[in-house]
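Record features (TrEMBL):
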type     : residues : note
TRANSMEM : 32-56    : transmembrane segment
TRANSMEM : 68-92    : transmembrane segment
TRANSMEM : 112-139  : transmembrane segment
TRANSMEM : 160-180  : transmembrane segment
TRANSMEM : 186-212  : transmembrane segment
TRANSMEM : 398-418  : transmembrane segment
TRANSMEM : 438-460  : transmembrane segment
TRANSMEM : 467-487  : transmembrane segment
TRANSMEM : 515-537  : transmembrane segment
Amino acid sequence: KFSYLFSANEVSERIVSASVGANLIIYLTTKYHLGAASSAIIIFVYKAAANFFPVCGAIVSDALLGRYLMVTLTLFSCTIGTTLLCLTSVIPRLTPPDCTLPHQGCTSPTPVQLLVLCASLGFMALGASGVRPCCLAFAEDQIAHWETSRKDRALRSLFSWYYVSVGFSQIVAVTVLVYFQDRMGWKVGFAVSAAIMAFITLLNLSASPFFVKVKPRKSMWAGLLKVVVVSIKNRHLVLPEANHGVQFHSLPGSAPLVPSEKMRFLNKACMVRTLTGPGSRSNDEEQPANTSSLMTSTCTVEQVECLKSALSVMPMWSAMVMSFLLQSSSFGVLQAATMNRRIGTGAARFEIPAGSISIFEIVTFTVWSGCYDPYIVPALRRITGRQRVLTLKQRMGIGVFLAVVSMAVASVVEARRIENAARHGAPPMSALWLAPQYVLMGLSGAFSSIAQIEFYYAVLPKSMGSFVLALLFFGGGVASILATIIVKLVNVATGRAGGAPWISDDLNRGRYDCYYRLLAVLGAIDLVYLVTCAYVFHETTQNMSLEGGGVHEQQAEEMAELRG
């Protein structure tokens with residue numbers, strides 16, 4: 001029960017961050033009078049921090065603080081962030097005064113107002129640093145001492161609940177909480193978010209005596225860094241061909257191991273000594289200085305091979321960064337705000353909040369992810385007559401391809417929206433025209449994100465489970481930084497002649513369709529790069545086949561290792 005309670009910390013954090021992120025661009029443009037490009041840059045930087053910080057949080061929790069203390073401190077940070085954001089909507093001095101006319105007579109925010117805003121987002125991003133990488137792993141710690149069969153059943157139940165709860169949290173965030181923000185005002189919407197975080201923080205503290213707290217241990221990250229340092233230090237050593245006459249340092253009590261031949265320069269980090277060749281003289285005779293050396297090493301063969309495995313997935317990782325960028329670069333919320341969002345007829349007519357438009361992506365991702373292994377894979381096997389339907393690299397490629405198609409569809413829909421807005425007296429287009437691009441993006445995420453997790457788990461040793469999440473978080477952070485740079489360069493280049501830039505504050509004057517078309521071109525180039533990497537680089541599998549689509553029965557065990 002306490003395992004479920006502790007993993008609820010991450011669910012609460014995800015509900016709050018998703019609800020704030022879904023509508024944040026509307027808040028920045030309407031309450032702070034920031035332009036679309038400036039608002040997007042702030043959001044991209046916030047997302048980058050929320051992705052980079054968990055990598056640091058995983059290292060700090062493993063090596064210094066332990067998981068419980070790390071989660072507790074970051075829950076407080078997230079509570080402070082949501083409270084500050086709520087105060088910006090409650091205290092008038094923390095936001096600029098309202099515009100005298102729509103888009104006219106607007107006052108820019110002061111440095112203090114921007115400081116408070118950025119501080120609130122900073123505290124929320126810092127809150128993600130401990131909650132996201134540690135919560136599920138800490139929940140697993142609560143049952144680690146159980147008998148094996150009982151623990152396996154509990155893990156399956158725990159992770160099944162986790163999958164459902166994370167999807168549920170996203171849906172609640174972009175429907176219920178966004179509805180509060182849209183219909184009841186920012187004060188109520190942000191106050192609910194702050195109340196959720198305050199409640200879960202106090203609940204976590206009150207349950208502290210009942211938790212099993214594992215002390216921090218030596219971090220895998222320190223071992224990887226040590227290999228780099230020692231290999232540079234030993235760069236002057238010469239490795240004989242086929243490692244002839246060389247001894248390597250292995251873990252105490254284990255059988256002697258020899259490192260692999262790939263990336264041989266790293267093998268110098270685990271060299272113990274180099275012996276003379278077959279024609280060497282006896283020990284009492286003088287030996288040539290250039291053929292005999294004694295070397296003390298602090299790295300093991302296992303640590304060297306872990307670093308090699310990590311480096312071997314970098315080409316595919318770099319190719320998948322673009323998928324994160326395409327999935328986060330849409331201005332659909334701003335577009336939806338200018339479109340007809342009413343559905344239904346008569347008394348049942350309902351207006352969808354602009355921030356809830358991403359519900360199509362979330363539902364698609366959740367449904368497809370849940371149905372892929374038990375229903376879609378067996379159906380594809382019956383159709384194709386093959387046991388192995390799609391390899392993990394093929395699934396990642398399909399994910400990038402669907403993201404490119406999504407951007408192309410977004411460009412066409414936006415061009416149609418601009419054309420419709422230019423016709424005087426024409427009713428606004430329905431916001432449901434945005435649904436196809438979000439459905440495609442949900443499918444893209446379901447293919448690429450899950451395939452990435454399985455790919456990294458297949459290639460990396462089981463001891464590097466936490467490194468898998470770090471790669472995903474880091475990829476999302478790099479994508480957000482690249483998106484910031486692209487938005488800035490696009491507006492500088494297209495607004496140079498004095499005209500409206502592509503990403504204009506007025507969507508009807510801007511050319512968001514061209515921006516989406518540019519992203520589609522960049523995505524297509526990345527798809528070629530991904531295919532090249534898939535054919536050129538061949539990784540050694542550690543845990544499961546790269547040909548399969550994941551093993552349904554092993555999901556609990558895999559996610560346990562994945563979360564470290």
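Along the chain as shown, the residues are counted starting at 1.
In case you wondered, yes, glycine gets a Cβ from its N, Cα and C as well.
Between the transmembrane segment (438-460) and the stretches 32-56, 112-139, 398-418, Cβ pairs under 8 Å are most numerous for 398-418. Only sequence-distant pairs (6 or more apart) were considered; of these, fewer than three Cβ pairs between the transmembrane segment (68-92) and the transmembrane segment (398-418) are under 8 A, so the stretches are not in contact. A Cβ distance under 8 Å defines the sequence-distant neighbours of the transmembrane segment (467-487), meaning residues of its chain 6+ beyond its ends; these are 37, 40-41, 44-45, 47-52, 54-55, 58, 132-133, 220, 310, 313, 317, 320-322, 324-325, 328-329, 449, 452-453, 456-457, 460, 503, 518-519, 522, 562-564. Under 8 Å from some Cβ of the transmembrane segment (32-56) lie the Cβ atoms of residues 17, 21, 24-25, 95-96, 99, 106-109, 113-114, 117-118, 121-122, 124-126, 128-130, 132-133, 328, 331, 334, 469-470, 473-478, 480-481, 483-484, 487-488, 491, 501, 503-505, 507, 510, all in the same chain and six or more residues away from its ends.
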